[in-house]
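**Q** Can you keep this structure in mind? I'll have questions shortly.
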């Protein structure tokens, strides 16, 4: 082999990594696995990895790419997991750079490598690296080190575990807030590997120190640590050891900490056990629902059904429902939207009578809210309420509000109503539906917003599936075909699109008697968009009815001639769709 060729891959990489063009350097980093493959495991270990370790680029984007590549099973290119520890060198350098994203990615890659390392490799190579980073002069390396503890704690000997607990405790009382923040972030995952006695002897003091930190950015991260510790303790221990900290976090002077507590409240309640929930957490939760910051109330409102599942019905009615009533009139639209999204979850917990008495007025109130998202959230969750109180009462009380919303100025609300209609139809039955909602469903076909017209055609197909073909023949088809004669081309277009959507749910008799003639008239419409949509519609009809008796004759005598004619249309799009449809029709017949 020519020695020039032999040296080429690494030389090219060196040249490209020295290039002034960042993109070129990035591409070079992404090609590192290919170069390692070309060099073979021995040379990749002896030349490539040392080169990558020495070449710390000054461009964060390039460093980030390198940190990522080294964590993507790169050990396979250097001889397998027996040599994986060699990759820790370049990643250690990357863990100490200034840019947070690069450090985080390097730490993530180190933990991925830890998975394939043996205990001997961890104790010989990983632990010294961890100690160097934990005691680094710059806060950047100490910050990165916190993420590296959980990955190996369970894999090392008890004496090294003692050292790791001490090392992590030092990070928890570091002078730099960024390091303490990292310790707070990674304490929870580390605690899952501690033995129960060590949770109490080592984990708890680190948590308490961080939970009373003077920086709220550190304290807010301790909420998840609190849950992790509570999960490892018995309810009695939680009551004895953590009650003070639970109260502190929920009543913290910083709204960001209270927000985190509210956001994770259900997890906390599950972790501490039912007894403490009833004795202590219910009043703490009410406190969060009444918090003076809207963000905290929003987060707390999102936890209502989950937390209420842990309570007796009487407690929900006495403590939670009054708060829900207040939140339904909250000054913040985001709080009302979060409540609207969750309030229906209370119905199964309260039962029929209490739901009618306490929640139904609130549903009506929220359905008339000024903010579209609030109305949307209520509509999308009505099914749960329907299961509890029954359709009669629901239609009696909420149907007028739903009909009003069907003409809402926000098209997303109109769309949500349309999507809810088939479900409602199924429960209301034909006569009631035709009387109350039939005309409404047809009116959506003429909506100014395309998404609504599209949703309306899908809605008609679903209704045909609910009420049957005969109902569609009387209630839908005549009205849809009547729109095909409208002077406005959008209405004629809707007719064609409605046929395309509904056809698979109809039978051939209806298509022959009601649909095909008006549709073929539209094949010569002056608007090209309508003509090519007719081609699409004919394609659907051909593929739908090819297998039914007399369907082949229908395709050959009615559809194929029309498409042959359209194939010579002056518009290129019409010719394209007609040719495509013809191919399907001839294949179908």
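Even glycines carry a Cβ here, placed using N, Cα and C.
Dumping what TrEMBL says about this protein:
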type	residues	note
REPEAT	87-125	repeat 'HEAT'
REPEAT	203-241	repeat 'HEAT'
REPEAT	242-280	repeat 'HEAT'
REPEAT	281-319	repeat 'HEAT'
REPEAT	320-358	repeat 'HEAT'
REPEAT	359-397	repeat 'HEAT'
DOMAIN	362-521	domain 'Phosphatase 2A Regulatory Subunit A helical'
REPEAT	398-436	repeat 'HEAT'
REPEAT	559-589	repeat 'HEAT'
**Q** Between 0 and 100, where does the mean pLDDT of the repeat 'HEAT' (359-397) sit?
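**A** Taking every residue of the repeat 'HEAT' (359-397) together, the mean pLDDT is 75.
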**Q** In the same chain, who gets a Cβ under 8 Å from the repeat 'HEAT' (242-280) while lying at least 6 residues past its ends?
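**A** Answer is 207-208, 211-212, 216-217, 219-224, 226-227, 229-231, 233, 235, 287-288, 291, 293, 295-297, 299-300, 302-303, 306-307, 310-311, 315.
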**Q** Near the repeat 'HEAT' (359-397), which same-chain residues lie under 8 Å Cβ to Cβ, leaving out any that are not at least 6 residues past its ends?
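**A** Distant contacts of the repeat 'HEAT' (359-397): 321, 324-325, 328-329, 333, 336-337, 339-341, 343-348, 350-352, 404-405, 408, 410, 412-413, 416-417, 420, 423-424, 427-428, 432, 436.
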**Q** Count the residues of the repeat 'HEAT' (320-358) that DSSP assigns to helix (H, G, I), to strand (E, B) and to coil, and report the three numbers in that order.
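**A** Final tally across the stretch: 34 helix, 0 strand, 5 coil.
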**Q** Could you give the number of helix, strand and coil residues in the repeat 'HEAT' (242-280) as assigned by DSSP?
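**A** Split into helix, strand and coil, the repeat 'HEAT' (242-280) gives 32 helix, 0 strand, 7 coil.
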**Q** So which residues does the repeat 'HEAT' (203-241) touch in its own chain, when a touch means Cβ under 8 Å and the partner is 6 or more beyond its ends?
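**A** Residues packing against the repeat 'HEAT' (203-241) from afar: 168-169, 172-173, 177, 180-181, 183-185, 187-192, 194, 196, 248-249, 252, 254, 256-257, 259-261, 263-264, 267-268, 271-273, 275-276.
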**Q** With DSSP as the yardstick, break the repeat 'HEAT' (281-319) down into helix, strand and coil residue counts.
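**A** Here the numbers are 29 helix, 0 strand, 10 coil.
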